[in-house]
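J.: Okay, handing you the structure first.
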Amino acid sequence: METLEPILPNHVRIYACGLTPYDLAHVGHARANITFDILVRLLRSQGMQVTFVRNVTDIDDKILCRSKELGESPIAFAARMADLNLKELQILGCLPPAHEPRVSEHIQDILHLIERLLAKGAAYCAATSVGHDVYFSVRSFSDYGKLSHQKIEDLLVGARVEKGEAKRDPLDFALWKGCVESEWGWPSPWGYGRPGWHIECSAMSCHYLGEHFDIHCGGMDLIFPHHENEIAQSESVWGPPFARYWIHNGFVTVDGEKMSKSLGNFISIADVLAWNDPEALRYFMLGTHYRSPLAFNVMPREKGGGVSFPGVDAAERRVEYLYATRQALAEIAAGVEPDPTASSSVQGSIHQMTDYVFAALRRDLNTPAALASLSELATLANEIAVEANAKRSSRKIADRQVAAALLASFDQCCAVLGLMGSPYEEFEKRVCSRRLRIKQMDEQQIHALIEERNQARAARHFERADELRRQLMEQGVAVFDTPHGTRWKVSL
């Protein structure tokens with residue numbers, strides 16, 4: 001494992017390959033962006049200045065095809081889909097990047113970089129039936145394959161020149177693709193056309209981060225050919241290293257198979273958020289190390305139709321527990337008498353568990369270990385809550401300063417993980433609203449039953465109160481009698 005040493009002191013520059021907005025964002029996109037987000041949060045928590053750039057690939061053949069089907073202009077379609085996709089990432093708790101460039105806004109940067117590659121002999125122009133293409137000459141770059149650990153002679157096996165291509169070598173890739181002027185494109189020194197995929201990221205990363213930067217992120221599927229080609233283009237012009245460090249997240253599998261549209265097991269972020277809370281999806285993904293495959297299972301729901309995601313359901317229960325824990329701790333910290341006898345030992349445990357969370361993240365973003373330490377912190381918080389409630393009548397309860405210190409550490413750990421991002425009441429409300437909708441339940445009827453039960457209890461009609469409680473439980477409503485009144489929640 002390498003130690004991070006940024007090029008500029010205390011300033012980490014990060015580029016991440018973002019979305020190609022031709023369809024809904026899927027859970028693989030969610031995983032990649034949550035990984036990037038944890039990295040940025042961790043570095044900032046350690047006092048680093050972070051410049052995070054995440055692009056939007058709004059020029060792509062898939063966008064062109066899809067926009068034609070819908071009768072929209074490609075740029076308008078891509079903008080609409082990008083806004084939708086990016087809003088979902090925000091809902092998942094991903095912090096906004098410092099810059100979010102779109103390819104269509106950087107055509108001049110791309111043209112300039114292609115011109116430099118041509119001038120250095122690393123690229124060539126070739127005539128086609130519709131204009132002129134520009135290709136990168138892979139053999140001109142002696143280090144080609146160093147990221148993916150592939151050899152040129154092995155890559156040649158099965159490589160071929162497709163119909164309509166004019167490249168000299170099957171390994172070469174397009175920097176600029178000529179097209180007729182009735183199609184989607186831009187003027188260039190080589191004729192009308194549009195940029196190739198790989199050149200876009202090289203141009204945009206240089207524009208915002210410079211010729212050399214610290215960390216390049218993306219999915220494991222981008223190692224080859226995309227990131228390999230980015231290195232070849234960029235280092236052919238500016239020299240090595242293009243990026244000092246590379247971070248690649250693993251695949252998402254659905255029922256044991258890699259998720260893909262061709263297999264029909266594509267799950268969008270919207271699919272999951274229709275059934276689960278955004279923080280549940282985030283927590284679920286943090287439970288697997290970012291470099292490992294992430295198993296995403298789908299099951300039919302027992303009642304009411306639809307599907308369930310068992311792993312995300314389990315994560316939602318953990319998130320509920322964390323929110324309830326924090327709320328209990330906040331109530332104690334806000335209004336209890338000090339208990340000095342607990343101070344030293346509890347404070348030591350708080351610091352140790354907090355250190356474990358951050359130490360785990362510094363070890364290659366080990367989020368499963370960080371969640372385990374957060375769980376220990378939550379257990380300690382609940383122990384303090386139980387003790388405080390047991391001593392309520394005598395007012396001799398846990399040290400207010402210890403409770404406040406534990407709350408601060410809990411919030412610090414949750415913040416670096418991007419969890420507990422809402423006030424407790426807001427979280428409860430959105431979870432309740434969604435579950436009521438899923439179960440097709442009437443909130444007013446629930447309130448009416450609870451009010452009837454409260455009246456029965458007040459009149460000491462306990463059998464009737466118990467019967468009403470059973471009715472609510474059969475509907476999936478749990479009832480809690482607290483010193484502050486009756487609370488209820490809808491179960492998953």
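Using N, Cα and C of the backbone, Cβ positions are placed for all residues, glycine too.
Not measured: the values here are computed from a predicted model.
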J.: For the Zn(2+) site that TrEMBL lists with C201, H226, E230, give the additional residue from the candidates C17, C432.
T.: C17
J.: Of the residue ranges 19-29, 63-73, 294-304, which one carries the motif ''HIGH' region' annotation in TrEMBL?
T.: 19-29
J.: For the feature motif ''KMSKS' region' as recorded in TrEMBL, pick the matching range from 193-197, 253-257, 258-262, 453-457.
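T.: Checked against TrEMBL: motif ''KMSKS' region' maps to 258-262.
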J.: Using other CB atoms within 10 angstroms as the count, which residue among the binding-site residues C17, C201 scores least?
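T.: Output over binding-site residues C17, C201: least Cβ neighbours within 10 Å is C17.
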J.: Excluding near sequence neighbours, so keeping only residues 6 or more apart in the same chain, what lies with its CB under 8 A of H226 (Zn(2+) binding site)?
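T.: When sequence neighbours closer than 6 are ignored, H226 (Zn(2+) binding site) has C17, W197, H198, C201, G218 within Cβ distance under 8 Å.
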J.: I'd like the Cβ neighbour count for E230 (Zn(2+) binding site), meaning other Cβ atoms within 10 Å of its Cβ, all protein chains included.
T.: 25
